[in-house]
Amino acid sequence: MYFGGDYNPEQWPEEVWDEDVRLMREARVNLVSVGIFAWARLQPDEGEFDFAWLDRLLDKLHDGGISVDLATATASPPNWLVRRYPDVLPVTETGTVLGPGSRQHYAPTSPDYRRLAADLVTALGRRYADHPAVAMWHINNEYACHVRADYSEHAALAFRSWLSVHYGDIDSLNDAWGTAFWSQHYNGFDEVRPPRASPTTQNPSLVLDWRRFTSDSVLDLYRMERDALRAAGAEQPVTTNFMGAFPAMNYWDWAAEVDVVSHDGYPDPRDSDAHRHAAFAADLMRSLKPDRPWLLMEQAPNAVQWRPNNAAKAPGQMAAWSEQAVARGADSVLYFQWRQSRSGAEKFHSAMLPHSGKRSRTWKEISQLGAALEGREPASPPPGDVAIVFDWENRWALTQPDLPADIDYQAEVFAWYEALHARHVQVSFVRAESDLSGFRLVVAPALYLLTEDGAASLERFVETGGTLVTTAFTDIVDEHDRFRPGGYGTQLGEVLGGRPVDFFGVLPEEGRSARASGADFAVTTMIEDFDLDGGDVLARTAEGEPVLIRNRFGAGTSLHLACFTDKAGTGFVLDHALEAATVTPVVDGLDPAVEAVATLHGATLINQSANPVKVKTENDAFTMAPFEVRHITRDQLHQ
Ligand code: GLA
């Protein structure tokens, strides 16, 4: 189990480093991420490197028994680089050049940025590949976090070559993008431009490819650094920090390229659902690379500084959220950052070692948690019986403005996750194309863009006995955001017992609802005009339209919700689905405020509320204090 955080010693005189190591040991720190923003210090000018200070620091940490996750330091280009090569700077959708003075001011496709980053990474790799302190490499930092997409001329060139590789010839692109519409025909790839600000809606197929390209081109930059490290002789695991369900990068693709998944999580202590959002991110990280633990690379020791108003974590809450990550498969608890900065934009961000030092509550809670985690084995949580489909390309397709109704895909997926989390059901995330045979229930909310492989996989899942839940706006377009010949639901119609023939928006003030036996629930956002073909109707609107359709297909069952709904509706559908799939919760009858995660040897229970909660398992009864964590064995859970 790793415990520690980002360490930025270049912000402090060397005399402070000895105290750092002493206090790190006291807090049981055994891993620090070094040099993430130290490019200017490591390379004072082009062709000139200064590694002497880093040599001294790494030796000192090693002597103190502290391992290093060594950064490639490429996230904040130094001023000499910008002065000499100003076209490394990224450009926004409206053509504004983003300047230096903060960080992450580079165009991922800029040849000069890439060349100079490669020089630095190669030099670091050569020098530290065999350093005994270096346990792992940390490439760049939170790729695309601040500049989600770069619209520079470098990006335009790279986009054109990406398109020519994907389409081969311009006629195929014209066909895929439907450029007969609005006179958008291209005579050649050199006419294609990034989707900068335009008078009205951009071609959605172009925007979808642009988002794929953006994710791919940043991934290509990551790969360049990783390969430079390997070529320089570095053999340690390589990672880069993801940010949960970050919208701009397709982490399914990224996960295949990192040795270990790592995640930065900053739930808002003011949000009463914060722990469910954190659980969502943790389960997503576990699912990206299910065969090995992931790293909680960053979290705040207490408050952050970047929200308009920054709440403290309640006493015990930081430990509860850390234990949550561990229960959900992390083998580290790491923070941003070790020592609070003295100046700069983040000087009010909490740190493991605040300016008030050991007097602070933060330090006390950090050192208690460090001691509690020392020697802990990873929890190795099983995947569970339920999977939710989460697909970045579908998310991108759904962000286009001109749909029958605005759909917040992330919020929709979260609503289904949240309901399962509150029911203490263990969930994994998958793509529709994944092997689904290990699951009993698959929930695929708003899977508007459904590939042929994805549809075949979902069909096979139901045919062989699985239970599938779908919502309105599923199986509508192909991978180019085009309707398939024959209309909507052309691939899953037989599985779902019918197909939509039209869609209409629904607003909250219309107060539309549906009635099922034993429940009423709201009809929100969009309703399908659903043409039944064999399915049984479990719920209808007040006007008589079918909105919940159950169908037997092969050995399995599908439940299609032909609208969007509220918590009552999500719960109603899920209770049906869980029963049909015979899925049981980790612990039965548990208060929703207590989180339950199945682990290798039993379960971790976390009271995620500020109130005491009574817990009764089959074999035990106890009261959990606010934010208390208990690891219970299988024997305590079941007779
Ligand atoms: C991100 C970054 C860190 C730091 C923190 C502050 O996660 O990776 O460098 O800026 O945010 O919360």
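Positions of Cβ are set from backbone N, Cα and C atoms, glycine also.
The domain 'Glycoside hydrolase family 42 N-terminal' annotation in TrEMBL covers 6-374.
Counting only same-chain residues at least 6 apart in sequence, those with a Cβ under 8 Å from the Cβ of Arg103 (substrate binding site) are Phe37, Ala75, Ser76, His146. As annotated by TrEMBL, substrate binding site applies to Arg103, Asn141, Trp306.
Per TrEMBL, active site, proton donor is recorded for Glu142. Secondary structure at Glu142 (active site, proton donor), taken from DSSP and collapsed to helix, strand or coil, is coil.
With a 10 A radius on its CB, Glu298 (active site, nucleophile) counts 22 other CB atoms from all the protein chains. The active site, nucleophile annotation in TrEMBL covers Glu298.
In this structure the residues listed as binding substrate are Arg103, Asn141, Trp306; their two most distant Cα atoms lie 17 Å apart. When the alpha carbons of Glu142 (active site, proton donor) and Glu298 (active site, nucleophile) are compared, the span between them is 11 angstrom. Counting only residues at least six positions away in the same chain, the Cβ atoms of Ile36, Phe37, Ala71, Ala75, Gln104, Thr240, Asn241 sit under 8 Å from the Cβ of Asn141 (substrate binding site). One way to see the shell of the substrate site is to take the Cβ centroid of Arg103, Asn141, Trp306; the remaining same-chain residues with a Cβ within 8 Å of it are Phe37, Ala75, Ser102, Gln104, Glu142, Cys145, His146, Glu346. Shown in sequence order, His349 are the residues of the chain, 6+ apart in sequence, with a C-beta less than 8 angstroms from the C-beta of Trp306 (substrate binding site). Mapped onto three states, the DSSP output places Glu298 (active site, nucleophile) in strand.
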